[in-house]
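The structure appears right after this line, and notes come after that.
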Amino acid sequence: WEGRPQELGGKEIPLCAGCDQHILDRFILKALDRHWHSKCLKCSDCHTPLAERCFSRGESLYCKDDFFKRFGTKCAACQLGIPPTQVVRRAQDFVYHLHCFACVVCKRQLATGDEFYLMEDSRLVCKADYETAKQREAEATAKRPRTTITAKQLETLKSAYNTSPKPARHVREQLSSETGLDMRVVQVWFQNRRAKEKRLKKDAGRQRWGQYFRNMKRARGGSKSDKDSVQEEGQDSDAEVSFTDEPSMAEMGPANGLYGGLGEPAPALGRPSGAPGSFPLEHGGLAGPEQYGELRPSSPYGVPSSPAALQSLPGPQPLLSSLVYPEAGLGLVPAGPPGGPPPMRVLAGNGPSSDLSTGSSGGYPDFPASPASWLDEVDHAQF
């Protein structure tokens, strides 16, 4: 072969792209526009001779299996290519090998009919493990961080609270350095302490009013037994501080004088069912403290500070004693605290006549020809 010319019959002998030697075989393979020996045309990955079919990418040649493994659809779990002849599992847009289609927690391979959850990173979690993880997460979120304060630290904080219930920042920094507690812990302790003081004052006021109304009930000779019992709320421990981003209810409630409380609707001017257009008559009794929720500290209408103060208040003085409107059967009586312009309460006339009315409210009396003749009878000196 050394003396054999490079041209045979006027044609140039091709060179093999694999070994760079002249191809003198009977059969010549051609791929990627180049000539190959049959033994030189191999897969770039497994080096298997490519006799029947080959796949190319760039300057490399591959067999069918290696080509799809490298450039075909990849498994979402192992990121390896999946041959087109292999059975796969699908979850939405993700494709998995059969052995890769398993729960990442318990490693159990998921079969047809099993319930699972698909995470954002294409991982699979079986239903049992997912619900268990969710429950643990909820329990961990519900537990707020708590700090236990020693007796010495508690004594220092109480002493500072007695001096100033709302200390400045530099005072809190000093307390933090003295007690060794975090600034946030000191701040939360003072917030909880102030809320507790407000709650205790509010509960004490409720007990005083409740006792007063029970005494009034007994004084009137009520036959029903009083089953109301005052439950003392358990006192929070000052040695435990819990963190929360929400303001305390004591600071948001009506105790700060900004907002009125929401309670049962007052029946003073309500319309009872079955009697449309009429208003109930009130016979005596003292207004409870909840009816003064709309008053401001600067209001001329004073709110009694204690039940004992109500006993010393003088009774209402009637402003209009004989002015009646027979055509509507309505009378006007004063109903309000003394010391200011009393509001007027409208009383229904569809029933017994009022004690303050001089005429009959059950019928229509004969009116004089001129309204001035009966309007002059009203004593205007009272105004």
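Along the chain as shown, the residues are counted starting at 1.
A Cβ is built for glycine as well, from the same backbone N, Cα and C atoms used for every other residue.
Annotated features in Swiss-Prot:
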- 307-334: compositional bias 'Low complexity' (COMPBIAS)
- 335-344: compositional bias 'Pro residues' (COMPBIAS)
- THR48: phosphothreonine (MOD_RES)
- SER56: phosphoserine (MOD_RES)
- TYR212: phosphotyrosine (MOD_RES)
- SER223: phosphoserine (MOD_RES)
- 197-383: region 'Disordered' (REGION)
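Following the DSSP three-state reduction, the secondary structure of TYR212 (phosphotyrosine) is helix.
DSSP assigns THR48 (phosphothreonine) to coil in the three-state reduction, placing it in neither a helix nor a strand. According to DSSP, SER56 (phosphoserine) is assigned to a strand segment. TYR212 (phosphotyrosine) has a Cβ environment of 17 other Cβ atoms inside 10 Å.
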